[in-house]
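Enquirer: Pulled the feature table from Swiss-Prot, pasting it below:
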| type | residues | note |
| --- | --- | --- |
| DOMAIN | 2-77 | domain 'Carrier' |
| MOD_RES | Ser37 | O-(pantetheine 4'-phosphoryl)serine |
Amino acid sequence: MSEIAQKVKSIIVEKLGVEESEVTTEASFTNDLGADSLDTVELIMEFEKEFNISIPDEQAENITTVGQAIAYLEQHVK
């Protein structure tokens, strides 16, 4: 698992209060991990802060699973 993937998982566990075993790449923030729309926005903001990047709203809307978050960050974090 990449360093980015591990950080993403840690942020999700901390912010959503879920078990690390629940945070799989296929897991949906809302359907599987119990996040509401505000939680999802807060996750995106935390990813931006942790990785020092800006995620445009139109792209943030497409990040709905753990795997999508990891893939986006691995592409955009230098």
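The backbone N, Cα and C atoms fix where each Cβ goes, glycine too.
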Enquirer: Which residues of the same chain, at least 6 positions away in sequence, have a Cβ lying under 8 Å from the Cβ of Ser37 (O-(pantetheine 4'-phosphoryl)serine)?
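Expert: Those within reach of Ser37 (O-(pantetheine 4'-phosphoryl)serine), by Cβ under 8 Å and sequence separation of 6 or more, are Thr30.
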Enquirer: If you run through the domain 'Carrier' (2-77) with DSSP, how many residues end up as helix, strand and coil?
Expert: 47 helix, 2 strand, 27 coil
Enquirer: If you average pLDDT over the domain 'Carrier' (2-77), what do you get?
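Expert: The average pLDDT of the model in the domain 'Carrier' (2-77) works out to 97.
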